[in-house]
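Swiss-Prot has this to say about the protein:
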- 26: active site, proton acceptor (ACT_SITE)
- 103: active site, proton donor (ACT_SITE)
- 77, 83, 90, 104, 105, 114: substrate binding site (BINDING)
- 21: site 'Transition state stabilizer' (SITE)
């Protein structure tokens, strides 16, 4: 791992409503609480953490493009874009930054349209159904992978 590795956490549409939206699926934590916990975890590991949440696909794509050469690992919860966005997939493949896909709910136990991901087959790993803790596991895994380099 370099002196100060950088990890980017990307969150897709409607995740700004965490804590309000369908808590039976997504839990009671707000996105701010999740990001605060990740920031502390990253700080304790000596890693820089950046975060972006957007309801706009193009903003997530632009953030991925801007990450090239600057970010060492991406953690992404593409939310509904998981099932629709070839563009996000292409952006991630284009910059060739390793990434982990995270979902708060178990997408495989939900509606059939949520079972397909355009990202999973290219991800270093996929974590779903573990709520906010899934982000912490993803960050730990990303840090471990960077340390193994």
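Counting begins at 1 with the first residue displayed.
Every residue gets a Cβ built from N, Cα and C, even glycine.
On a predicted model such as this, the values are computed, not experimentally measured, just so you know.
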#### Entry: residue 103 (active site, proton donor) and residue 77 (substrate binding site), distance between Cα atoms, whole Å
6
### Message
So if I draw a 10 Å sphere around the Cβ of the residue listed as 'active site, proton donor', how many other Cβ atoms end up inside it?
### Response
24
### Query
How many neighbouring Cβ atoms, not counting its own, are there within 10 Å of the Cβ of residue 90 (substrate binding site)?
13
### Task
Measuring Cα to Cα, tell me the gap between residue 83 (substrate binding site) and residue 103 (active site, proton donor) in whole angstrom.
12
